[in-house]
Amino acid sequence: MLSRKQTPRLAENQQCDTYAWFSQRAWVEIDLGALSDNVHQLRSLLSPHTELMAVVKADAYGHGAVTVAQTVLQSGASWLGVATVPEAIQLREAGIKAPILILGATHTLEQIHAIAHWKLQPTLCTPKQALIFSETLEAIKFTDSIPVHIKLDTGMSRLGTNWQQAGEFVQLVQRLPMLEIKSIYSHLATADSLDPQVMIQQHQRFEEAIAQIKALGIKPPCLHLANSAATLCDPALHYDMVRVGLAIYGLSPAVHLRSHLDFKPVLQLKARVTHIKTIAAGTGVSYGHRFIAPHEMRLAVVGIGYADGVPRNLSGKMQVLIQGRRVPQIGAITMDQLMLDVSTIPNIQEGEIVTLLGQEGKEEISADDWAEQLNTISWEILCGFKHRLPRVGVI
Ligand SMILES: *Cc1c(COP(=O)(O)O)cnc(C)c1O
């Protein structure tokens, strides 16, 4: 019998049926209240005319794009940012009408068709791409012009035309039929760094580009530069819109930016104990017997593994929370299961809920903790949870 203690309330619009959810071995819990609150807090940093774009690429950083998009749009975000055309179509198919910027590069006939059909807004990175868009839209006899966003490279060395050619590029796009420049933007490479030097340089280059455009007699459209870190660290970087990802999910881009607001992590990772046994001193645990029990111990098997996105490199290093207490994971993490030393929790039962990421009482394990152990960043941790794990919205 599975334990039904610690049962969070399901969100009203949750499509997941309750029985199926109780029978889950593992799942990702999405706290929609926390998400909404994080967006409100971010909004409070912005001037009233600065728009908030919620970046929901990569399935909303693993949180579930549709539910996240619906919630953030109700909480003060007015734009959505995605990486790819299919990500945008998923939102449109769910009935979301807000403007959607595709942050990645698009070129193909199929992509341009979809952008026009679904009323999506592409990023234009080069004059060549602008020409392809303009010619393709004419060729398919599309009747309206489409809103486009000019991307400048001010130092990220990723997408975009070099900031020094901003004037030329904007002028070219302006002259092309079928394209209407909706915004001009750039992306910062080091906004989360303690050393502001590169960010200051990128900011200056962005300003130079704007000055060039103005000198040509062109009134700058919507301008945007800031990601989460820049939004938190300097209002001078907000311009007309900010593009916020990580912070809406309740994590901080850097330790020194943590004090700003009281963000709450939106995602919790949970699984159930599926089996409990006592093992004798000297017993090896899991593949390779990397762990040998130093004394008799109680061992719990949990129904989650690396195929769900728990990184195998955390084997023997991670802890989880059970009944508000920290418990060590032992032995190699396997594809679908992992083992715990639960000797300190005598009353543990099969079906009991284990928190791998999240808060129980005073104890908390965050994506930042995993990122630190794995020498990576919290963004990668959040994006790592696989679709085998249902996303369950709770309020
Ligand atoms: C992903 C992305 C963002 C959001 O970045 P965060 O650091 O998660 O806030 C903003 N702008 C662009 C262009 C991006 O690709």
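Cβ atoms here come from the backbone N, Cα and C positions, even for glycine.
Annotated in TrEMBL:
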MOD_RES   K57  N6-(pyridoxal phosphate)lysine
ACT_SITE  K57  active site, proton acceptor
BINDING   R158, M335  substrate binding site
DOMAIN    266-394  domain 'Alanine racemase C-terminal'
ACT_SITE  Y287  active site, proton acceptor
Please report the distance from the Cα of M335 (substrate binding site) to the Cα of K57 (N6-(pyridoxal phosphate)lysine), rounded to the nearest angstrom.
26
DSSP-derived helix, strand and coil totals, residue by residue, for the domain 'Alanine racemase C-terminal' (266-394):
23 helix, 52 strand, 54 coil
Please report how many Å separate the Cα atom of Y287 (active site, proton acceptor) from that of R158 (substrate binding site), as a whole number.
41
Average the per-residue pLDDT over the domain 'Alanine racemase C-terminal' (266-394) and send me the rounded value.
97
So if I measure Cβ to Cβ from R158 (substrate binding site) and keep only same-chain residues at least 6 apart in sequence, which ones fall under 8 Å?
H187
Proximal but sequence-remote residues of the same chain as the residue listed as 'N6-(pyridoxal phosphate)lysine' (Cβ under 8 Å, at least 6 apart):
G81, V82, A83, T84, E87, L103, G245
